[in-house]
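Here's a structure for you.
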Amino acid sequence: MEPRFDGPFDSSNAFESENQSMPESFVDFEDDCDFSDGVLRYIDQMLMEEDMEDETHMLQESFDFQAKERSFYEVIGQKYPPPEPDNNHSYVDNYHNITTSGSDGSGYVIDVVDPTDYDAYRANSIVCNTSISSSTPSGSKNLGVNPEKCDTNEENNNEANIENSHVEEGRKKVSEEVDDVWVYTLGGREKEFAANIKDLKNAASKRMQQTGQVEGPNAPNGRHGKKRNGKKIVVDLISLLMNCAQFVAAGDHRSANELLRQIRQHSSPFGDGNQRLAHYFADGLEARLAGTGSEIHAARVHEGMTPSDYMRAYCATLISSSFRRILNFASNRLIMIKSEKATKVHIIDFGIFYGFQWPTFIQRVAEREGGPPKLRITGIDFPQPGFQPGERIEDMGRRLARYAKTFNVPFEYNAIAQNWETIKIQDLKIEKGEFVAVNCSYLSKNLVDETDGPESSKNMVLDLIRKINPDIFIHGIVNAAYGVPFFVTRFREVLFHFSALFDMVETILPRERPERMLIERDYFGKEALNVIACEGWERVERPETYKQWQVRHLRAGFMLVPFEKKLIDTIMYMTRKFYHRDFMIVEENKWLLMSWKGRTICAISCWQPV
């Protein structure tokens, strides 16, 4: 009988027992999806840049203060005192301009094989003027800074200007050397997070040993008990939430508030899975009652997560759940297999976010027999709130470019930060002779359907992908039915869906882990708030079942492509071997369905144009 390991992925004890057959692509699975040195180095670089950005903001505030102070001296008719000499020189790059995608989709491109292009690509992180220049005629937005707009002293002579240019050039070289150290060495952060990941794995393993055979308080019926006067009172939180939602839908504020009071007494963000679920769902019901759901959700979106918090939550997600790792592995392998003989590969990634999927793919193509192809990635994401809607994916493109340079992979990157349904095919800059792969990882749930307008954003994006005529289209979806317009039905569906997710996290991650709080508050809680408390265009969480998506794909002119048996065998083997026994993956009608305790949470499919 084959031994089981109901814990997170740990290759060190993977094949210790007798004569176990290992799928050929097991090593690929480990490298593509585990926390390899390459991915950790990429994360290390991202976090270092976050630290530099914080220092940049502090320096900019100092510049602003000096400018105000100088103007004050001018008002009172006194001369502004010269700055005191400082031996601690700031690392300030010279100024570079980077164009990002505007309405016409024009974007910046870098080929990292050419060192001159690579130097030109470096973004200046410390600027004298933080304002964004107006759009250029081509529709691009200049996010760099014109040095002529910086404050200068008109009394400076040519000799001083020449001296300043030498100082600036010296600073540029020092900055580049420091940047290279961050990019190409372990730097300390990588080891720190590797240790954190190992600790999280061990904690998850111990947690599953505690919960694996015990029917804990997080039972499917959602019942909890508290002692009162020596007697235990059983409270069914799931029923309370459902009844409360019905009162909210009927406009019965008094009854709804009474049930919310009971739910609050028995829920907590620090309790077991169902108590945490009830806490965040009660937040959504309260916001809907008060009519403040849109404002609260907008504030949560604007706050966002820091890259370090996102990384911690992302790592915890990979350890506790197979869903993201399986999708990354499957899409990487499919693109590698299908593009085996291509000399130019263009990946169009809808929902690229921080791009954690692509460092290992870059490593893979670098090892390809005959040399790597020219790799182009078009990173597409929804615009961020604020003055720099594409800042995150632009920064991510710079990191990927530097990463590709270390493996001598010819690389170009195009960033598009706009609503997906507004993208035109010319924005994607597809070249003749390219192998084109479209990748969409779970974020199509944020596209609007037909309920709030004559046209569906989901259909419009599928029509765009059909016009692209890709060689392969990999689509990962969240399988759920809480995108419907009717509130009570929607609430019931989202409650059942997130009950499974909170139960999964309760089973695998210890309650005291801060990573668990990040997942539950910033992922689950924020999404549940949007589904429960928002309506119309402000309700952005609209997933559909895989059967609904299949109808949309077929209508758009796609046909399903079956997964290779070897790939399916590897995925199923690794899920069975290194994840909790309640994770299941089945192939059904050419879809890979991923479930927790029998409830399908996510699904993956592969498509080609008819």
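Cβ from N, Cα, C; glycine included.
Automatic prediction, not curation, is the source of TrEMBL annotations.
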In TrEMBL, which of 280-284, 345-349, 555-559 is tagged motif 'VHIID'?
345-349
Need a quick answer: max count of Cβ pairs under 8 Å to the region 'VHIID' (314-379), which of 235-295, 395-427, 533-608 is it?
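Most contacts with the region 'VHIID' (314-379): 395-427.
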In this predicted model, what is the average pLDDT of the region 'Leucine repeat I (LRI)' (235-295)?
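For the region 'Leucine repeat I (LRI)' (235-295), the model's average pLDDT rounds to 95.
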